[in-house]
Amino acid sequence: MTTTIQHVLEAEGITKHFDGVFALDGVDLRIRPGEIHALLGENGAGKSTLIKILTGVYSPDAGSIRVEAQPMAFKGVGAAHKAGVVALYQELSIVPNVSVAENIVLGDELPSRGGLVDWKELRRVARKQLERLNQGHIPVHRMAGRLTPVQQTMVAVARAIAVEAKVLILDEPTAALTDHEIQDLFRVLRSLRAEGVAILYVSHRLEEVFELCDRATIMRNGTVITTTEVADTTIDEVISTMVGRRQDELFPARGVPGPGTAVEVAGLSGRRVKDASFSVRPGEVLGIGGLAGSGRSELLRIIAGAQRSSSGRIVVDGQECSHRTVAAALDRGIALVPEERRSQGVVLSQSIGENIAVGNLKAISKWGLVAGSRIRSLASNSIAELQIKSRGHQQIVGQLSGGNQQKVVLAKYLARNPKVLLLDEPTRGIDVGTKSEIYGLIRRLATQGTAVIVVSSELPELIGLADRIILMHEGRISGEVPAEGADEEQLLTYCYGRAAS
Amino acid sequence: MNTAQKTQAENKAAAPPLPGNVSAPAGKRPYASALGPIKSGGTIIGFALLVAAFGLMRPDVFLTFGNLRNVLEQVAILAIIAAVQTVVMVVGNFDLSVGATASVSGAVVAQLLIAGQGTAVAVAGALVVGALVGAVNGYLTAYLKLSAFVATLATMTSVSGLAFITTDGTTLFGLPQGFMSLGQGRWLGLPIPIFMAAAVALVVWFVLRNTTIGRRWHAVGGNAEVAKLSGVNVNRVRFLAFVVAGVGAALAGVVLTSRLASATATSGDSYMLLAIAAVFLGMTISKEGTANIGGTLIGVGILGVLSNGLNIIGVSTYVQQFLTGIIIIAAVAFSRLGNKGVS
Ligand SMILES: Nc1ncnc2c1ncn2[C@@H]1O[C@H](COP(=O)(O)OP(=O)(O)OP(=O)(O)O)[C@@H](O)[C@H]1O
Ligand SMILES: [Mg+2]
């Protein structure tokens, strides 16, 4: 036999609709062994749906899948695993109440003898996977729910690479990771590629794609526009293919902060936050950077009343606040858009309209009665403003694509017109086109006098969006720089707690 | 074919040299709360206080071997039902039909014995009935995706009806002596139901902890979506939990019939709420707030001691019932309180 298998995975004419609306329409995808293949597209383009079809979570309405030239009709994830197709799904996390080790071999046949779990073997396998990811310090016997969010993501990644796959699919694995873990992950992916594993990689961070991937397939509105060698294209070209038009300037022009102080924080301490002091002027956008676990999110949570402070003051509009609950903080005009949208930000089983309405009941009700028409108009405004790709405000949030769910969370808080808006990773998982819309929106709110504090792991985002940046290291503020003309290297040294030379 | 691209990609990747393990200095016990130890120990301390209080009030009666044996005998059947309810609750569901299943199985075993079947056949028949009820519950919840509340409420109602049909609304008695030794016999001076309850609890503990199905029950209960997308057959795992509950409830019904030397259509009904209460009490001792067999047994112990102790000091059953409710609320509320600071 002289013909070699050129493609390890071939999907042809994949079509899928939900309630009469096409999510995928005749998608073709071919992946070669030993390549890292990027799957790109705007929020709602159909990437996650395609992945779920490739791994048997959904069955397609039409189309065929071949793995090593064998036709496959997957019934469930288990069957896909057997055929060597494994995925790490978007925003899928861990099982909190079982050990790290069990999370890593979950579903994969637990090592067992006669129905009894072989704990020793289980832990050995798990430890090996974590070590591959440079995460050997995570104790494998610990309950996974007690790990930090970053560690939980790494455990989920370890689970995906634990299965000996021919095709490994990763749907936005780096959305919740910081540079350090990302580089560890990339190292493993490259070595898997060298072993001949085919990797399908979804990400909205295009720099990452250009760093890692060999080829890219770009989708728009449920169809494939093109498949290209990454070396033959540019980020700008990819963006305009994705969006269907040319991308304008990503960041809006900076504004002029108003006089006075909107919020002031003095000597604030609490869990993971030590003695933080800073102030924000009305109309100013303050960026907060730092590594995962540096206390950025906790700082926001304390200001927003979601976590207690042990000492320190928060002063809003010249008045000291002693709020201890989120509701009280909201009454003072402080709103926090949380980091973990699925658990903290939206009710997945409710509609877009209902989700946005819950956060704004005062604005849309009179004498305790909620007016349906106001929910509709409020939701429709948000949908238009944030370009939430949906079938209207009645669509259930759980049916939206990951990025569009994030937009619903944003919409809920933006609609309140807060005096102080706290955003924790506002553009995580959001496509470039909408990112620039969100930046514009944040800037517009600032121009109207809102003080904005943005936490982000992406330094370019902080530099482009904020007026001023503070950096945190192990709970303390380790540096402050004006954003205009700031230099990533310099910000990084603050992140690592070293004074700039 | 793509080696050229690889080298190019690798060169780019080498960009910023980052120092070692930086991400998790504070990540050692991120979710520990000050209330943690009290919270997880609160129910146990409460149990100890309860025993101490009754012991102080009536040391002559309460703290005797005979009374301890009484308590154990009284809770044995509840312990069996609560143990299997624990399994269902680990999976994140609950089963309202366990009481009715115990009743119907108790009636079935009695009818089979009266019809002249041997003990082994009669008991097996009752267990099969329990397994069938469990299978129906499992099918409705796992495969037809009905909520556990609706599905098991419905089966509870139907199964209660079946119990009345089986007994014809009467009390069945006149059971053979050999069968009666199951519920009334003694071994090493202790009633046999105590050993059966201990055996069931031990098996459930071991299965939950060390078998593949047990670990899958935990995984599905913790995050069914993750489990499913990792290739766990979530439906089958759920289904099996309900079957176990059905069989366990049937066993309890058999023991109950043997102990009472008779069966009625409602003998086992009251165990359902008590079993769920025991599991809830037990959940408060786990840091994760998950159902666990050790906790369940403590919950069963609390309910048993409470009823025994209140009896001894002469409190009426109505007041007992009232107090039991209050205690459950107190225990669960206290453990929630501890949780609040965490999230
Ligand atoms: N279960 C579902 N029911 C109804 N519609 C759905 C369902 N799942 C996905 N969709 C719709 O299918 C379309 C594609 O969604 P998909 O999740 O595949 O997008 P995506 O490309 O992964 O986007 P993102 O970058 O935001 O993750 C969206 O319009 C979404 O609303
Ligand atoms: Mg997606």
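Placed from the backbone N, Cα and C atoms, the Cβ positions cover glycine too.
Unlike curated entries, TrEMBL annotations are predicted automatically.
As recorded in TrEMBL, the features of this protein are as follows:
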type: COMPBIAS; residues: B:1-10; note: compositional bias 'Polar residues'
type: REGION; residues: B:1-24; note: region 'Disordered'
type: TRANSMEM; residues: B:44-63; note: transmembrane segment
type: TRANSMEM; residues: B:75-94; note: transmembrane segment
type: TRANSMEM; residues: B:114-136; note: transmembrane segment
type: TRANSMEM; residues: B:148-167; note: transmembrane segment
type: TRANSMEM; residues: B:187-208; note: transmembrane segment
type: TRANSMEM; residues: B:239-258; note: transmembrane segment
type: TRANSMEM; residues: B:270-286; note: transmembrane segment
type: TRANSMEM; residues: B:293-313; note: transmembrane segment
type: TRANSMEM; residues: B:319-337; note: transmembrane segment
>> Is it true that the transmembrane segment (B:319-337) and the transmembrane segment (B:187-208) have 3 or more CB pairs under 8 Å, sequence gap of 6 or more?
In response: no
>> Under 8 Å between C-beta atoms and at least six residues away from its ends: which parts of the chain pack against the transmembrane segment (B:187-208)?
In response: 69, 72-73, 75-77, 79-80, 83-84, 86-87, 90, 181, 214, 217-218, 248, 251, 255, 259, 292-294, 296-297
>> If I count Cβ-Cβ pairs under 8 A between the transmembrane segment (B:114-136) and each of B:44-63, B:75-94, B:239-258, B:293-313, which range comes out on top?
In response: B:239-258
> Of the listed stretches B:44-63, B:75-94, B:148-167, B:239-258, B:270-286, which one has the most C-beta pairs under 8 A with the transmembrane segment (B:293-313)?
Replying inline: B:270-286
> Taking B:44-63, B:148-167, B:239-258, B:270-286 as candidates, which has the most Cβ pairs under 8 Å with the transmembrane segment (B:75-94)?
Replying inline: B:239-258
> Going along the chain, which residues at least six beyond the ends of the transmembrane segment (B:239-258) come within the CB cut-off of under 8 Å?
Replying inline: 76-77, 80-81, 83-85, 87-88, 90-91, 93, 95, 97-99, 101-107, 109-110, 123, 126-127, 129-135, 137-139, 141-143, 175, 179-184, 193, 196, 200, 213, 217, 267-268, 271
> Residues of the same chain, at least six outside the transmembrane segment (B:148-167), with any C-beta under 8 angstroms of its C-beta?
Replying inline: 88, 93-97, 99-101, 103-104, 107-108, 110-111, 133, 136-137, 140-141, 263-266, 269, 272
> Where else in the chain does the transmembrane segment (B:44-63) make close Cβ contacts, counting only residues six or more beyond its ends and a cut-off under 8 Å?
Replying inline: 285, 298, 301-302, 305-306, 308-309, 312-313, 327, 331
